[in-house]
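Here the structure comes first, spelled out in structure tokens, and everything after it is commentary.
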């Protein structure tokens, strides 16, 4: 398959080389903007980069004018569904650009579609990195689809159609087309025939839908009486004169229409023809055709000079007016159908409440052709002679024509809703993604990341949400109601095994991640940890989109394909994680919640433990966690002993010391210095049981450590003793807590051991200070 992509790239490169001088010529001699040239090469302006880089983006691509019109109602619905997203809109053609700037008001940026060469597409995706790419009417660009899929973008075809010509061409490409289609996440096709054809070409039938044609939902807008009157006056038309509008005509078609016009003119001398060619650059060519026949014409751009007595053929050489001109027509003909071009959009005039005439070659619009013919609001002719006969019949029978016009408008209204269905499908693609949250350790840091799970779940209730964590912190996320599953990374086991058998351990790790990739097929991973091990974990998970902070440490940003810039001001770790979730996933929550679930069994275990210690429900518990993993964070053991004695004697509370198994002896040493009885529960409870203990206490006292943040997560007021670390970023979260930190020059040094060997930042915290604060807080 790689060879097929190489051949495609080679062919496109040849086209690019030949087209390059044409582009340069247009810029130098025709005055076309340089920005077009840059955008086609993938160089986006500083403004576009600023507006889109690092943001949540939906990229909608339409080929030209018709597809842009079809995209307009969908983009409007997407804006309703995704108000906070940026929308990028691209077109292939200059006329498409002009139409987009007129119609697509909800787009944040409009660009020319870049050449579908891999290095150019990579350059654009490096800046834009869209969460969703919407390809209008089956715009299949292999490199865009391939590269975007690798970066984790969801890709959908909207209002897709496969014409007779297209299916023959695609079938010849066989496996290459199948490979491209396999990278698309959803197909929303215009008709049952289009649905069957895309499945025949290799699309997975489970993700192919028939949602109708978004062109029914276009804001064609009925031309109001006031607007009609304005056109009549500007074009110098008499409403009583029969008016024919021929839209989207092509070469070799205008001559046939000339014959039709001449025949009708004989019967209806005051007939006026408005001729709107598909490509307005052909205006001079069309003028020459009619002038040779002795018929005077006037361009719409020079309409002020029109002589109504002499010029009854108006050449519409402007963009974006055709729909309103259909509104003043008595009869409408849609071009590209008397020649072998496959026709054009016949729904546009029908939406204006017009009976529509067209030729035999409508194979690109089979579905809408059949619909209009079936309901009697479309007239298909074989040639210009038959067109003249049919038009003459309706010009003579105005009552019948008026009834047909009313039927056409009713038909359009009955078939609307495709834009809504496509937008809903887009929403489902984003909402049902498989998301991996990466925060491996430590206890306090995992607690700080827990609110992200709630935010993601509230924002994407249908998503599959997974958390990967190391063994020592797993209890914090297991049974979390916001998570669908928890993956435990056996890092410590691998470290131990690696010493004995390196090859076997590496094989085990490889198989571990291979199983994750196969079973979970993550769409994206959000790294909340920001270290090498977490970045590597995100990468090995197989998630296509990997999001993390560009300020991540140990080279972790190398593993991300979407790097987020954090604010320069200091912010709490919880707020930082929520900021990453908001910027990376658009996830927000009504309130910060930790959602640590305590099971019935764990509550019973705590009941039994307290009963054994003869601690009753009426006892007022104060939880003290005296030790941390950093020596520099620890308050003096003697002061904890003095504080505990005062609390027991003066406030009549029960003091329980908490900690891990390794803390038991040091807490016993604190107890040895006390005059009163306090309880040493270090190592007797797991994380969830410790959390339940904290839930039953009046207040928590301790340093900057995991149990402090566990107590806060359980709603327990805390008095936190800080020295070398920063309370703004790592302190207890919330206004109800109190931090005691001496105001000395060396505070917040972030050293595990005191570099001055004085331990001054912790030693300057007095027992009186801490006792006074506790006394005020619990009011015993």
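Numbers run from 1 along the shown chain.
Keep in mind that glycine also has a Cβ here, set from the backbone N, Cα and C atoms.
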According to TrEMBL, which stretch among 6-28, 29-51 corresponds to the feature transmembrane segment?
6-28
In terms of Cβ proximity under 8 Å, which residues at least six beyond the ends of the transmembrane segment (6-28) contact it?
34, 36-37, 40, 115-118, 142-143, 176
Between residue 137 (site 'Transition state stabilizer') and residue 67 (active site, proton acceptor), how many Å separate their Cα atoms?
7
Would you mind reading off the Cα separation of residue 67 (active site, proton acceptor) from residue 215 (site 'Transition state stabilizer'), to the nearest angstrom?
9
